[in-house]
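What follows is a short report on a single structure.
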Amino acid sequence: MTKKYTLMQILYWAMFSSVYAFANSFLSSRGFNSTLIGTVMALSALFSVLLQPLTARLIEVYKKITVKNSLIASMLLVLLNALLISYFDDKILVSIFFIILITGLLNAQTYMYTFIFQYINKGENVNFGIARGMGSAAFAISSYFYGLLGSKIGFEFIPICATILSLFVIFVIMSFKDIKKETLNNETEIKANFLEFFNKYKRFCYVLLGMIFIFFTHTVINTFMRNILESLGRGAEEVGIGFMIAAVVELPVMFYIVKLNKKFGYSKLLKISAIAFLTKITITYVTILTGNITLFYIAQITQFAGYAIYVPVSVYYTNHIMEEKDRIKGQAYMAVSATIGSILGNLIGGKIIEIYSLNSMILASLIATIIGAVILMLNLEDK
């Protein structure tokens, strides 16, 4: 099953790189400015925030709605709207299609992790770290390729690429055996809301708050990487290199994440991750001040201790501290916190660039990361 899930991760992250990592480049080629791009990405994240808990609730309550078929439905949204974007040039239509596409993409990302942990919790032997690490490798190679190709011929190939890859992802998901599930019969469980969840898992919810601040910054760097590099006199090819470096350095950590978990524990690793996110934005700020492209690439290298740790460990951490009945909801809320950070990063980041400057946006991101890291440090717990 590890091989099958690895293939699923490779295809998904190669597709993710095309439409998400190069969203700025593609939409810019269609005449979108920074504010409009930020708005499109923010709305995508907003709808994803609304969709993810709703999907979790439907999975909990209705027997016919499973993680597997909700994942397939999300990927169908990606496929259909990527196809539509290829055929339409109107900005309003492209914006709508792109928002729906990214909404489906982010929803799929959340439930791709929940999906495999259902099998792991049932006793299947799946090396999550290796599979996710190969996803990062696919992201790295495809990012470099897309950046190189885009600098030569433009970015109109992006939606076509996303259409083909999303179709393959759907085929792989369908090949997994179905897991028998039970619906919730207890009416009080069905009516559980976020307030009850908060009272039960207060410190976890504060961790979610910290992640909002941290992912504000993570999103700003990724969405506006093109703007950062253009301020250094660089372009699309360097964007691809930047994403490639970040993805490549993730590989060793993700391959050995199970061993790292055993040695350090989930809480300590997430603290290390928060420090790495802070280090990355600090170096990026110095990059902007000095105009040194080498520092930018060094900042991308810190991904090995930041995002590379966060992605698998946050899933393990949530799975570890939650009761079994709360795990799907907990994973959804963890994803929602990152998505809210993305909304704020895209909206506020784009506005700060338009009204003030790129330097101001990076400084605001640095402050946000400090706040997020402090909140995380104070609330992460070992169970």
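Note that the numbers count up from 1, one per residue, in the order the chain is shown.
Glycine is treated like the rest: Cβ placed from N, Cα and C.
These come from TrEMBL:
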TRANSMEM  31-51  transmembrane segment
TRANSMEM  71-88  transmembrane segment
TRANSMEM  94-117  transmembrane segment
TRANSMEM  129-147  transmembrane segment
TRANSMEM  153-176  transmembrane segment
DOMAIN    203-383  domain 'Major facilitator superfamily (MFS) profile'
TRANSMEM  204-221  transmembrane segment
TRANSMEM  241-258  transmembrane segment
TRANSMEM  270-289  transmembrane segment
TRANSMEM  295-318  transmembrane segment
TRANSMEM  330-349  transmembrane segment
TRANSMEM  361-380  transmembrane segment
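Long-range contacts of the transmembrane segment (94-117) within the same chain, counting only residues at least 6 positions beyond its ends with a Cβ under 8 Å from a Cβ of the stretch, are 5, 8-9, 12, 16, 19-20, 23, 27, 30, 36, 40-41, 43-45, 47-48, 51-52, 55, 67-68, 70-71, 74-78, 81-82, 84-85, 88, 126, 128, 131, 162, 169, 173, 176, 315, 319, 327-328, 331-332, 335, 339, 342.
Contact between the transmembrane segment (31-51) and the transmembrane segment (295-318) does not hold: fewer than three of their C-beta pairs are under 8 Å, each pair 6 or more apart in sequence. The transmembrane segment (270-289) and the transmembrane segment (71-88) are not in contact, since fewer than 3 Cβ pairs between them lie under 8 Å (pairs 6 or more apart in sequence). The domain 'Major facilitator superfamily (MFS) profile' (203-383) scores a mean pLDDT of 90 in the predicted structure. Within its own chain, the transmembrane segment (330-349) is flanked in space by residues 37-39, 41-42, 45-46, 48-49, 52-53, 55-56, 106, 109-110, 113-114, 117, 194, 197, 201, 204-205, 208-209, 211-220, 223-224, 314-315, 318-319, 321-322, 361, 364-365, which lie at least six positions past its ends and keep a Cβ under 8 Å from the stretch.
By number of Cβ pairs under 8 Å, the transmembrane segment (129-147) is matched best by 241-258 from the list 71-88, 204-221, 241-258, 295-318, 361-380.
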